[in-house]
Structure formats: structure tokens, C-alpha cells
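Each remark here refers to the structure printed beneath this line.
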């Protein structure tokens with residue numbers, strides 16, 4: 001039986017006989033064809049950038065300025081707004097034109113990348129080694145591989161510095177902690193102290209420690225990008241100028257599939273970190289655009305009812321709840337005054353609408369009685385009703401909505417998708433690392449194509 005993929009219709013270099021890989025193995029057919037593999041990668045970049053541009057314009061077309069971004073299911077406009085484009089005090093969108101420009105620029109770029117991808121996949125030289133030796137490579141060439149690694153690191157470093165320059169010189173970025181409820185501002189005094197910045201890496205990942213995810217001021221974030229950008233650029237230069245040391249030559253597997261597995265592992269780690277960042281961090285991901293974090297929504301509900309009942313005459317400092325603990329306020333394990341009730345589990349939340357009400361020992365009773373501002377009440381009521389939760393129970397006491405309410409927080413989408421993708425990339429890492437190590441050790445067998453069970457079965461037709 002002849003199919004499109006195993007008969008005379010197949011092009012040489014794309015069929016199983018000439019490459020050793022079936023059609024569905026994708027780029028594996030191009031392992032030794034550097035020109036064609038370049039085409040596949042450039043075309044893939046074109047698809048990615050096309051999605052970014054098209055989705056960007058789709059979100060602009062559907063955007064309603066009267067509603068917060070997180071109520072509209074947006075995931076790209078919040079990123080642009082966080083970079084300070086088109087927004088003003090309180091995260092209010094003043095101008096959607098920068099978002100339109102972003103979408104169009106990505107679409108134009110994707111056309112260029114798409115053309116380059118098709119050119120290199122179909123028309124360009126199959127291999128680059130002969131005509132363009134700078135761009136050519138052999139997977140086993142350790143020196144060339146570390147040079148390519150160095151170039152990638154320099155490009156990543158430049159990317160980190162682009163954010164730094166945007167924050168310092170080109171209009172600034174959105175700071176959710178700006179007084180009065182957030183605003184766009186230029187970052188002036190960067191944190192460059194290594195003890196502070198690398199201290200984040202040494203913190204525990206649990207509770208109020210929160211590892212690097214606990215960063216809560218833009219000076220630290222932008223200063224961290226200065227350090228990271230510098231490390232990437234200098235590390236890139238170092239990798240270009242040096243050859244791998246003997247221990248690295250011995251310890252690592254030097255093949256295309258091994259490099260794929262290393263990359264998948266790195267992206268998996270990035271995915272898990274991004275998941276935690278978007279779920280817990282309301283500085284890098286301001287709640288004005290992404291909606292409140294889970295702990296933030298829970299604390300906002302406690303705050304909203306404290307405000308309500310205090311107006312109705314409750315003494316919030318001494319009222320007892322059903323468990324004998326404070327109904328509105330209680331003490332944390334370390335003695336701070338915190339919100340009572342089920343939200344006690346989130347007592348280490350920090351949020352811009354709540355911090356002005358804290359004193360040296362936690363929430364300040366006199367400020368809660370005299371200093372609560374209308375914008376704090378409005379924001380907490382809004383956050384209370386937009387928790388990033390699709391759960392029916394055990395949600396920190398937050399009143400969950402009935403099924404008729406059509407709201408899913410972008411935090412839920414972004415955290416869940418990055419967790420799932422991070423997990424699958426990790427599985428991909430294990431798979432390709434195992435294959436690469438087996439091939440290097442010389443016992444890679446694969447499926448025996450000569451005695452595959454399906455070959456002895458009656459054809460379907």
C-alpha cells in the first residue's frame with residue numbers, strides 16, 4: 001500500500017529510507033542539514049511572532065476601556081501596560097494606539113521571518129558549512145557549539161538591558177506601588193547591591209520568604225536585570241573566546257539531541273518559575289492588569305467586611321469570631337496584627353492598597369479606624385470579587401461565584417498554562433536526554449522497523 005509518506009511521492013531527504021526518520025519525526029530529518037534546519041527554526045520564529053501580532057491586534061479590537069483588563073481575558077495587553085505603554089495613574093488605559101503599533105510591528109516581523117523560513121527550507125542551500133562557514137556547524141564540534149551558546153547568551157543579555165533602558169530612559173514602567181494606587185514612572189535609583197539581589201536566590205521558597213518570587217519593588221527588578229544582562233553578555237563573550245574544559249568535555253554529551261534536551265530542561269525551569277511569579281507576584285505582574293493574586297483576593301475580602309462592619313458599629317479590634325480567635329483582627333505566629341478568619345493563612349501578603357495601613361507591628365488599629373481611603377475600599381471590593389479561583393471550596397474563605405459568572409483570571413490562565421507546559425517540557429527533557437545518552441553509549445535501539453507487528457497485519461483496505 002502506497003501512502004504519501006512512504007512511496008515514490010516523497011522527496012529525497014524527507015522520506016524514511018533516506019533519513020532514517022519517519023515523516024512525523026519532524027526536524028529529526030534535518031539533523032545534518034544545517035541550511036534546512038535553519039529554515040525550520042526561522043519559520044517557527046515566524047509562527048511565534050505571527051501569533052503575538054495577531055493576538056495582540058485581536059485583543060486591541062475587543063478591548064473595552066471601561067472594564068479592567070483582567071475581566072476581558074487579556075494576556076498580551078497586560079504585558080504591554082506593565083511596560084508603561086498607554087496607561088496612566090491607577091492603571092487606567094489612556095491610549096490604545098501603542099498596543100496597535102505593537103501588533104502591527106509583530107505582524108510585519110513575522111512576514112519577514114516567514115519568508116526567510118520558507119526560503120531556507122525550500123530554496124536555500126541544504127547545508128551552510130561550505131558556502132557560509134561562520135553559520136555552519138557540526139554537532140560534535142565542541143568549540144563551535146560553545147561559540148553558538150555564547151552568541152545566544154549575548155542576545156539574552158541585550159534583551160535584559162532593553163527592559164533596563166525602557167525603565168530608565170524611555171518613559172519608565174508601571175509601578176503598582178506608586179503612591180495613591182499605582183502609576184508609570186522612570187526608575188531612578190537602581191538596586192545594584194549584590195547582597196540584596198543575590199540574597200533573593202538564597203531565600204527559602206516557602207511562605208513569606210518566597211525566593212526570587214518575593215521581589216516587591218521595581219528598583220530590585222530592574223537592578224536584577226542589569227546584573228543578569230551583564231552576566232549573560234560577559235558569559236557569552238567568555239564562551240565565544242574559550243574552548244570547553246576537559247571536565248566539561250567528559251561530563252556532557254555532545255550531540256544535537258543532547259543540546260535539545262538541555263534546552264528543554266532550561267525552558268521547563270523557566271516555565272515553573274514563571275508559573276509561581278504570575279501566581280504570587282503583584283509587582284512584576286500588577287493586579288491592576290492581571291487581577292489580584294489568590295492571597296490578595298482573600299485578604300481583600302477580609303478588609304472589605306472589616307470596613308463594612310466597622311461602619312455598622314462593630315469594634316473590629318476586639319470582636320471574637322466563631323472559633324474564639326479575633327473575627328476581624330488577630331495575631332500572627334510572630335506577633336503581628338493580621339486579618340482574622342480563614343484568610344489568616346495569607347497573613348504575609350503584601351499589596352499596595354493594604355501597606356499604608358500597616359505599622360511597626362502589623363496592621364495598625366488606629367489607621368484602620370481613621371485612615372482608610374476610598375480608593376483602598378474600591379480596590380479591595382473589586383479584588384474580592386475577582387479572585388483567580390475556579391474552585392468550590394478551600395479558597396481562603398473567598399466567596400466563590402456561581403457558575404453563571406463568566407470570569408477566569410489571566411493569572412489562572414498564565415499560571416496553569418506555564419505549569420503544564422513546564423511539566424511537558426520536563427518530560428521532553430527526560431525523553432531526549434535518555435535517547436542522547438543511550439546513543440552516546442552505543443545501545444540506542446529504537447523500534448525494530450523490520451519486525452514491527454503492524455507489518456504482518458492485513459491492510460485496512
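Just so you know, glycine gets a Cβ as well, placed from its N, Cα and C.
Here Swiss-Prot gives transmembrane segment for one range in the set 213-234, 279-300, 301-322: that range is 279-300. It is 435-459, from the ranges 410-434, 435-459, that Swiss-Prot records as transmembrane segment. The range from 97-119, 166-188, 189-211 that Swiss-Prot describes as transmembrane segment is residues 166-188. Among the ranges 243-263, 327-347, 348-368, the stretch that Swiss-Prot annotates as transmembrane segment is 243-263.
Of the listed segments 12-33, 34-55, 122-143, Swiss-Prot assigns transmembrane segment to 122-143. Counted as Cβ pairs under 8 Å, contacts with the transmembrane segment (279-300) are highest for 57-81 among 57-81, 122-143, 166-188, 243-263. Packing against the transmembrane segment (122-143) from elsewhere in the chain are residues 13, 31-36, 38-39, 243-244, 249, 254-256, 259: each is 6 or more residues past its ends and has a CB under 8 Å from a CB in it. The number of other CB atoms found within 10 A of the CB of residue 355 ([CaMn4O5] cluster binding site), across every protein chain shown, is 11. Mapped onto three states, the DSSP output places residue 355 ([CaMn4O5] cluster binding site) in helix.
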